[in-house]
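Chemist: The structure that follows is given in the form of structure tokens.
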Amino acid sequence: MSDEMSSSVLWFRHGLRFHDNPALHAAIKKEDNFYPIFIFDGESAGTKVIGSNRMRFLLESLKDLDTQLQNVGQRLFVFKGSPVKIFDWMAKSIKMKTLCFEQDCEPIWAERDNAVKNFCDGAGVKCVEKVSHTLWNPKEVIEANGGVPPLTYQMFLYTVSTIGNPPRPEADVDWSKVKFGKLPEDIPDDIFLYAGVPTLEDFNMHAYDGGERMVRWVGGETNAIANLRNRILVEEEAFRCGFYLPNQANPDLVAPPTSQSAALRFGCLSVRRFYWTLHDLFNEIHEGKLTSNQNITGQLIWREYFYTMSVDNIHYGEMTRNPICLDIPWMPKTNKLHNEFLQRWKEGMTGYPFIDAAMRQLLQEGWIHHVARNAVASFLTRGDLWLSWEAGLRHFMEHLLDADWSVCAGNWMWVSSSAFEQLLDCSHCVCPVNYGRRLDPWGVYVKRYVPELRNFPVQFIYEPWKLPLEDQEKYNCVIGRDYPERIVEHKVASQINRKKMEHIRDSLMSKVPHCCPSSAEEVRQFMWLPENCSDHVCVPN
Ligand SMILES: Cc1cc2nc3c(=O)[nH]c(=O)nc-3n(C[C@H](O)[C@H](O)[C@H](O)COP(=O)(O)OP(=O)(O)OC[C@H]3O[C@@H](n4cnc5c(N)ncnc54)[C@H](O)[C@@H]3O)c2cc1C
């Protein structure tokens, strides 16, 4: 680095990509040396609570960035330490004049970002924050709605329609004129610079390699772009056949998933690229004759909605202090069943094969299908075990590859009838037997993740306790010995819980300041339920 030259730093947190990266564009200036960095500060990129699957996905994403940077003549500088200390050192040692990053809109990052912005103010460093993790800037949406978040999904749709279409993705960067800097070797003791991208072992973590996998998710932009190409083929087929949202229309638990949720969470894939690719494709296929509406990317809009709902609510991930969440008297932690119930749910040992398959898939692979998330979340909360959704959120945050504070908490509140629900009037709770049977009639999914039941006849896969004992012996799996007894009897538990919900609803009727869905259709769409759903959900008397 020449002594006169100042520097510009791109701080990756999420947004782990080159394409459609406005912060990257802002950091590349012809008069400055360019430094791309990532900091392990104990929370960025969701590292506060993180299991090995997600950590591996993150490290793979960083490795992919590093490889791409090396191809253009730079490397990714990966630090451990406090962001303010690192930037203070960079301001002095490499004359950092500009610091750029993508907006992390959730309030859990505000303390970190405010400290950095304050430092920049004091040190004369220009701080540039760009919105590209969401389609619209959540703060702008709130402003357009009169200063408060739109409380219902329909209100949200209306508000964003007044703002207009989300921006299109930015062009790729021209690397040919970018000047790269090197870091000095004398680094202070309280800052640690990794020699390259660290490994799982550097964090004392080990890959979970047990059991059969449906897919081994690999992090990084390169992989995300390749997966997008496959995903587009699926969408294209659906558009040509006259429908959309194929993942929702035909939930397939046993086919290799085409999900992009983890890539979106880490920003390996730009949400704007995903959104506009689908809309352009839809218009191309229908030659502009059909108006493309937001429904063809409806799930992405739920993601926006949950981000926007959380943006000014630091208590969004908890019950009691959260103004949009109902206080439901879930089973107290002091109850002697509490820990046992929670542990058995987490380990996939509830005795309900469909629930157990999903919970084990979560531990093994870090991802489960939306319909299975609905089933296990309903089971933990208002359906069967009557445990608080906060416990479910904590477990999901640790193990999901796409763990996303706003989206995860929003979905947990929704499914547990704690918010976004029609005054607790949703009478459906997921039946762990019929729901599983409908989604996977041959039990292929269950047999993959609950191998104890591999030899059971298909008609007993969802209710193994009904198989006569001598047959259980014959198939090498005795219920209560090789596979657990049912943790509760669903019919009984769900009726009791339903009564509790009704009681809460009646006592709150006059004073609930509760966000609710706009229609029964919205409930059906959120749950990804077919039109006639009475055969796989329980509709209590
Ligand atoms: C209890 C529970 C917890 C969840 N936690 C998360 C989470 O932490 N992170 C997460 O990304 N999704 C979460 N979801 C939503 C959903 O299950 C996943 O986004 C979905 O399974 C991803 O699959 P896909 O990419 O095939 O979805 P697609 O149908 O392809 O959707 C495309 C994208 O839209 C977004 N999306 C889809 N469904 C929803 C939804 N219901 N709410 C908000 N955004 C959505 C995701 O980013 C997804 O990748 C949760 C759902 C439940 C019921």
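From the backbone N, Cα and C atoms, a Cβ is placed for every residue, glycine too.
For reference, TrEMBL lists these features for the protein:
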- TYR244, GLN299, LEU300, ILE301, TRP302, ARG303, GLU304, TYR305, PHE306, ASP402, ALA403, ASP404: FAD binding site (BINDING)
- 6-135: domain 'Photolyase/cryptochrome alpha/beta' (DOMAIN)
- TRP330: site 'Electron transfer via tryptophanyl radical' (SITE)
- TRP389: site 'Electron transfer via tryptophanyl radical' (SITE)
- TRP412: site 'Electron transfer via tryptophanyl radical' (SITE)
Chemist: Using C-alpha positions only, work out which of the recorded sites TRP330, TRP389, TRP412 is nearest to PHE306 (FAD binding site).
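Modeler: With Cα distances computed to PHE306 (FAD binding site), the winner among TRP330, TRP389, TRP412 is TRP412.
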Chemist: Measuring Cα to Cα, how many Å separate TRP302 (FAD binding site) from TRP389 (site 'Electron transfer via tryptophanyl radical')?
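Modeler: It is 19 Å, counting Cα to Cα.
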Chemist: Which of the recorded positions TYR244, LEU300, TRP302, GLU304, TRP330, TRP412 have a Cβ less than 6 Å from any atom of ligand 1?
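Modeler: Those recorded positions that pass the cut-off, since their Cβ is under 6 Å from ligand 1, are LEU300, TRP302, TRP412.
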Chemist: What are the non-local neighbours of TRP330 (site 'Electron transfer via tryptophanyl radical'), defined as same-chain residues 6+ apart in sequence with CB under 8 A from its CB?
Modeler: THR381, TRP386, LEU387, SER388, TRP389
Chemist: Which residues, sitting 6 or more apart from GLU304 (FAD binding site) on the same chain, put a CB under 8 Å from its CB?
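Modeler: Residues satisfying the criterion: THR134, LEU135, TRP136, PRO138, VAL141, PHE156, VAL160.
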Chemist: Most Cβ neighbours within 10 Å: which of the recorded positions TYR244, TRP389 is it?
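Modeler: Within the set of recorded positions, the most crowded position is TRP389.
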Chemist: Which residue among the recorded positions TRP302, PHE306, TRP412 has the fewest other Cβ atoms within 10 Å of its Cβ, if you could check?
Modeler: TRP302
Chemist: Looking only at the domain 'Photolyase/cryptochrome alpha/beta' (6-135), what are its DSSP counts of helix, strand and coil residues?
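Modeler: Residue counts for the domain 'Photolyase/cryptochrome alpha/beta' (6-135) by secondary structure: 58 helix, 32 strand, 40 coil.
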Chemist: Counting distance between Cα atoms, which of the binding-site residues TYR244, LEU300, ALA403 is nearest TRP412 (site 'Electron transfer via tryptophanyl radical')?
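Modeler: If we rank TYR244, LEU300, ALA403 by Cα distance to TRP412 (site 'Electron transfer via tryptophanyl radical'), first place goes to ALA403.
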Chemist: Would you mind listing, in sequence order, the residues at least six apart from LEU300 (FAD binding site) in the same chain with a Cβ closer than 8 Å to its Cβ?
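Modeler: Looking at Cβ-Cβ distances below 8 Å from LEU300 (FAD binding site), excluding near sequence neighbours, one finds LEU135, VAL271, PHE274, TYR275.
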Chemist: If you skip the near sequence neighbours and keep only those at least six away, which residues in the chain come within under 8 angstroms of ALA403 (FAD binding site), Cβ to Cβ?
Modeler: GLY46, ARG54, ARG265, PHE396, MET397
Chemist: Using DSSP reduced to three states, classify TYR244 (FAD binding site) as helix, strand or coil.
Modeler: coil
